[in-house]
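**Q** Structure in C-alpha cells, see below.
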Amino acid sequence: MKPSIHSLAHQTMQEWVLEQGEKKFRADQIWEWLYRKRVQSFEEMTNLSKDLIAKLNDQFVVNPLKQRIVQESADGTVKYLFELPDGMLIETVLMCQHYGLSVCVTTQVGCNIGCTFCSSGLIKKQRDLNNGEIVAQIMLVQKYFDERGQDERVSHIVVMGIGEPFDNYNNVLNFFRTINDDKGMAIGARHITVSTSGLAHKIRDFADEGVQVNLAVSLHAPNNELRSSIMKINRAFPIEKLFAAIEYYIETTNRRVTFEYIMLNEVNDGVEQALELTELLKNIKKLSYVNLIPYNPVSEHDQYSRSPKERVLAFYDTLKKKGVNCVVRQEHGTDIDAACGQLRSNTMKRDRQKAVAAVNP
C-alpha cells in the first residue's frame with residue numbers, strides 16, 4: 001500500500017527529490033501543486049518531468065481517502081464519511097463559523113478511551129492514522145469548496161474527531177507541522193486546537209514542544225468518583241495527576257487551556273458540580289476557559305440524556321458568578337448524525353445488516 005504524498009513534510013520532500021537526482025526546488029514545485037493548486041493527480045503537475053512524475057506515481061498516492069457519504073446540515077455543517085485504503089471508515093466535519101471554515105479531523109480508527117457517553121468508542125481502536133491520512137481529510141474538505149467554485153479556504157482546525165490525538169502523538173505533531181508550513185496550507189498554529197481526554201504525560205510533552213497550537217482537555221466531571229464512572233481514563237490519570245500536568249503546561253507556555261464539559265442530565269450538570277469545578281480551577285482561573293457542550297444523544301448510550309436549558313443556564317451562571325470564563329457551545333449539524341462517531345457507527349451497522357441480508361435473503 002503506497003503512502004500518501006501528504007505524509008512528507010517539506011524538508012522530507014526536499015530530501016526525497018535530491019535522492020531522485022533532482023534539484024531541491026522541485027520540492028517547492030510539488031508542494032505548490034499539492035497545497036496551493038490542490039491537484040488530484042501527479043499528471044497535473046505540468047512543470048515536472050515525465051520521469052519525476054513516474055517516480056511519484058510509483059512511490060506515492062495523492063489522495064488515500066475515498067468519499068463514502070456526505071451529509072449537509074441546514075446550518076452549513078457538512079459531515080463526511082471517508083474510507084481508508086484498508087477499508088476502515090473515519091469521519092470528518094466541516095463547520096461554518098463566523099470567523100471562517102473550521103474542520104474537525106479524526107486521528108484514529110476507533111477509540112480505546114471508553115467514555116461511556118460517546119459513540120466514537122463503540123468500536124475499539126483498530127489503528128492510528130498516519131500524518132498523510134489526517135492531512136488528506138482537510139484537502140478533501142477544501143476540494144468540496146473548490147469544485148463548487150466557492151472562493152473559501154479552510155482557516156481553522158480542531159483535532160477532536162474519532163480517537164485520542166495524544167495516543168497518536170508523533171503523527172499528530174507531524175500533521176501540525178505540515179498544515180502550519182508557510183509553503184503549504186499555512187494555517188496558523190493559533191488557529192489549530194488539539195483536544196485530549198487527559199493523557200497527563202503527553203500534556204507535559206506537548207508543553208515542552210513549544211508549539212503555539214491551542215490545548216483543550218475533555219474534563220466532563222469535577223471529581224474523581226464521577227469522572228471515573230464516565231471516563232475510564234481517569235483511573236490511569238486521576239484529576240490530581242491531570243491537573244498537575246495542566247498546571248505544568250500553563251507555567252511552561254503561559255497559554256490558556258480550554259476545558260470541555262459535556263452536559264449530561266442529572267449526572268454532572270448540577271450546581272453542586274459547578275461549584276466543585278470552580279474550586280478545581282481556582283489556581284488557574286485566569287488561563288482557563290470552560291466550554292459547556294450540549295449532549296447529542298446516542299442510542300447505544302440511552303442511560304444519558306441532554307441537560308434541559310434551565311440546568312445548563314444554572315450551571316453556566318454559577319461558573320460566571322465565581323469568575324470562571326465559560327461559554328455554552330453553539331451546536332452544529334443537529335439535523336444530521338451530529339454526535340462524534342455517529343455517522344460511522346450507523347453506517348457500519350447498516351453495512352452489517354446488508355451483509356446479513358445477503359447471506360440470509
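Backbone N, Cα and C define each Cβ position, glycine as well.
Annotation comment: Swiss-Prot describes Glu91 as active site, proton acceptor. What Swiss-Prot lists as domain 'Radical SAM core' is 97-329. Under the heading disulfide bond, Swiss-Prot lists Cys104-Cys340. Annotation source Swiss-Prot lists [4Fe-4S] cluster binding site at Cys111, Cys115, Cys118, citing sequence analysis. According to Swiss-Prot, the feature S-adenosyl-L-methionine binding site maps to Gly163, Glu164, Ser195, Ser218, Leu219, His220, Asn296, an assignment based on sequence analysis. The active site, S-methylcysteine intermediate annotation in Swiss-Prot covers Cys340.
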**Q** Rounded to a whole number, how many Å is the Cα of Cys104 (disulfide bond) away from the Cα of Glu91 (active site, proton acceptor)?
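**A** Checking the Cα atoms of Cys104 (disulfide bond) and Glu91 (active site, proton acceptor) gives a distance of 9 Å.
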**Q** May I ask which residues of the same chain, at least 6 positions away in sequence, place their Cβ under 8 angstroms from the Cβ of Glu164 (S-adenosyl-L-methionine binding site)?
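**A** Glu164 (S-adenosyl-L-methionine binding site) has long-range Cβ partners Thr107, Gln108, Cys111, Asn112, Ile113, Thr196, Ser197, Leu199.
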**Q** Can you give me the Cα-Cα distance between Gly163 (S-adenosyl-L-methionine binding site) and Cys115 ([4Fe-4S] cluster binding site) in Å, rounded to a whole number?
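**A** The Cα atom of Gly163 (S-adenosyl-L-methionine binding site) is 11 Å away from the Cα atom of Cys115 ([4Fe-4S] cluster binding site).
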**Q** Going by DSSP, give the three-state secondary structure for Leu219 (S-adenosyl-L-methionine binding site).
**A** coil
**Q** Spatial neighbours of Cys115 ([4Fe-4S] cluster binding site) among the recorded positions Glu91, Leu219, Asn296, defined as Cα within 10 A: which are they?
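**A** Of everything listed, nothing lies within 10 Å of Cys115 ([4Fe-4S] cluster binding site) (Cα to Cα).
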**Q** Are any of Glu91, Ser195, Leu219, His220, Asn296 (the recorded positions) within 10 Å of Cys118 ([4Fe-4S] cluster binding site) when you go C-alpha to C-alpha, and if so which?
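**A** Correct set: Asn296.
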